[in-house]
Amino acid sequence: FQGIFVLGLPYALLHSGYSGLFLIVLAAALCCYTGKTLIACLYEENEEGQLLRVRDTYEDIANACCKPLSPRLGGVFVNVTQVMELIMTCVLYLVVSGNLLSHSWPEVPVTEKTWSVIAFVALLPCVFIKTLKIVSKLSQLCSLAHLVTILVVTTYCLTQTHRWSWAKFRLSLEFEDFLVSVGVIIFSYTSQIFLPTLEGNMKNPGEFSCMLNWTHFLACVLKTTFALTAFLTWGEETKEVITDNLPSFLQTLMNLCLLAKALLSYPLPFFAATEIVCACLSGGNPSTYSSPLFTLAVRGSFLLITLLMAVFVPHFALLMGLTGSVTGAAMTFLLPSLFHLKLKWKKLSLSEKFADMAIFTLGSLCSIAGIVCSIKGLLEVFG
């Protein structure tokens, strides 16, 4: 959750003012809490009061909650939602890669879509990724590229302290602009899709809660510092992607760092989505799931789908916003709260029940508002 969205946080502050700073902190706390509640749903107490991991995935949790209605209804819904969000994330990385390449070499007579195809070629080896360990190595490199970008932008901003003024913060807000800021801030923290797999692969799962606390705390500090210094530097001139505000010599360098980050970020959602699809298509048959030809076919098809969507889907940003409002809010707020209430109701304290209900309500409002704004934007575009 230190992804591409972080570069849009200064722009979010432009439209949300002081409330944006509060939202960055609040979103960290809420996402950390729902991450813990989701993992709690993986465990049940035995007769001796010991916690045992009886479920492995988000799908298993959903199936357990919807069992009275249908044994697999919840799992199907969760899988469809997850794959939709992961596909859109992969497509976004391809679109961003094409955009960054075109801005890095504007003198080359090549369209953004063609640059996206060129970036796609670099991602072909993804079909051979077999384990999460390989993905983690790529994610480390991704984090390094991101860290370089953050440090360069922050360092440049610190050299411009003579331009800073708290008067740049807005007190009055436009409601629709504020909703856009809410979406950017909240969804910059989303990681719930990956948490069951991450917790299951930890050497010491007992440290998961501590890890989640520290990562969200550090992410909150970094996001706040980065967004604040950048916004104070450029004020009303702050652009949607903050690297576009940099001088030209730094902008090209940062675009290349962001390109590396986008390409290195692609394998994680790609791996997660293909694992879900392979498991669903194999129908629980281990021999089918482990077949190299089968997995290569699924991964190759998925890779091609993301390319076609990146090249041919019009007004992708609006469609991404619509999908994010539906799937992002559901996976981050609605479902973890609902599942926690359903599976742990008898053991929850009154304050925990209230927290889950409040988060569910807040998530519903954010989702509805985001859907309305996205549909309104699509209707304006299509006349």
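Using the three backbone atoms N, Cα and C, a Cβ is placed for every residue, glycine included.
As annotated by TrEMBL, domain 'Amino acid transporter transmembrane' applies to 1-375.
What TrEMBL records for 76-95 (among others) is transmembrane segment. Nonlocal intrachain contacts for the transmembrane segment (76-95), taken as residues 6+ away from its ends with a CB within less than 8 angstroms of a stretch CB, comprise 4, 58-59, 61-62, 66, 112, 116, 119-120, 123, 193, 262-263, 265-266, 269-270, 272-273, 276-277, 280, 302, 305-307, 309-310, 313, 316, 319-320, 323-324, 326-328, 330-331, 335.
Proximity of distant same-chain residues to the transmembrane segment (115-132), defined by a Cβ-Cβ separation under 8 Å and at least 6 residues beyond the stretch ends, is recorded for 94-95, 97-99, 101-102, 197, 201, 259, 262-263, 266-267, 270-271, 296, 299-300, 303, 307, 310-311. Residues or ranges marked as transmembrane segment in TrEMBL: 115-132 (among others).
Among the features that TrEMBL reports, transmembrane segment is placed at 144-166 (among others).
As annotated by TrEMBL, transmembrane segment applies to 178-198 (among others).
Annotation source TrEMBL lists transmembrane segment at 210-233 (among others).
The transmembrane segment annotation in TrEMBL covers 253-281 (among others).
Residues annotated as transmembrane segment in TrEMBL: 293-312 (among others).
Annotated transmembrane segment per TrEMBL: 318-339 (among others), in sequence order.
What TrEMBL lists as transmembrane segment is 359-379 (among others).
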